[in-house]
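First up is the structure itself, then whatever we jot down about it.
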Amino acid sequence: MHLTPPHSKSSKYDIPCIKFSSMASTIFSIKFFVRLPSSEWRQLEIQILSDFVLPQNATFIDGNFFTFTGMRSLYESDPPPTTFKVFKASMAEFPALNGQSVSYAILGFANGTINPPHTHPRSAELLFLLAGNLQVGFVDTTNKLFTQTLNAGDLFVFPKGLVHFQYNAEPEGFAVAISAFGSAYAGTVSIPSTLFTTGIDDNMLTKSFKTDVATIQALKAALGAPKP
C-alpha cells in the first residue's frame, strides 16, 4: 500500500514522529496522515507507513520516478560559473524523496564567492569538499564561533538549526562541495535576505543593528529588496 498525500504540489523553495500503542490510535494516525493539507506536507516529515509516497493521481511509476537528472547541468557548464551556485535535490525538485528523510545539494563556489550566513531549521548539514578550498563556520547558541579551512576530501558538519556559512577565499580556483541532509526538505533561511528583503521596518532594523536608516536602506537596495 502506498499512501498518496492530497493536493501535494511541489515548490521551488522550502516531521515530529508520533508513536501510538493501540490499534485504534494507529488507525487514527493513518487517517491524520492521509488528510494533511499540502502546506503541512511541506512542514512536517512524518514517518511514512509504506515503502514510498506516490504523487497525487499517480497510476504508474517505474525507475524514472526514483531518478533525478537535475545535476547533469554541472557537467554541461563550460566555462564554470562566476558566482556561487547551488543545485538542490530536495523533495520539491525530486518528489521520490518525500518521506525518506534525505536530500542533497551540490555547491559551486567561484573564487571569492560566499554562501551567506543561513540556517536549515529541519536538518543538520554534512558537507564534503570535492575540490578546492573553503572557509566554513557556524555559531552555536552561546554565540561561540567555530571555523575551519577545508581542503579537498574533508568533511564538516553544521549542526541542525545553527547559523553557518561557506566562503571560497582563494584568489583563483573553483571549489565544489556536496551537502547531505537528514530531511527531505531541510529548508533554508538566509539571514541577509530574511532581515533585509522581507519588509521588516527600517526603524526596527536601525535599532537592532545600532545604525542609521540610510545604512539600512542601502543594505536593502544592495540585496534587491522591493521598494515600498
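Going from the start of the chain as shown, residues are counted 1 onward.
The backbone N, Cα and C atoms fix where each Cβ goes, glycine too.
Marked as oxalate binding site by TrEMBL: Asn115, His120, Glu125. Per TrEMBL, Mn(2+) binding site is recorded for His118, His120, Glu125, His164. Annotation comment: TrEMBL describes 72-217 as domain 'Cupin type-1'.
The two recorded residues, His118 (Mn(2+) binding site) and Glu125 (oxalate binding site), show a Cα separation of 12 Å. Residues near Asn115 (oxalate binding site) in space but far in sequence (CB under 8 A, at least 6 apart, same chain), listed by position: Phe84, Val86, Leu107, Phe109, Phe165, Gln166, Tyr167.
Here the CA atom of His120 (oxalate binding site) lies 9 Å from the CA atom of His164 (Mn(2+) binding site).
Non-local neighbourhood of Glu125 (oxalate binding site): Val157, Phe158, His164, Ser179, Ala180, Phe181, Ala186, each in the same chain, at least six residues away, with C-beta under 8 Å from its C-beta. Of the listed binding-site residues His118, His120, His164, the Cβ environment within 10 Å is emptiest of other Cβ atoms at His118.
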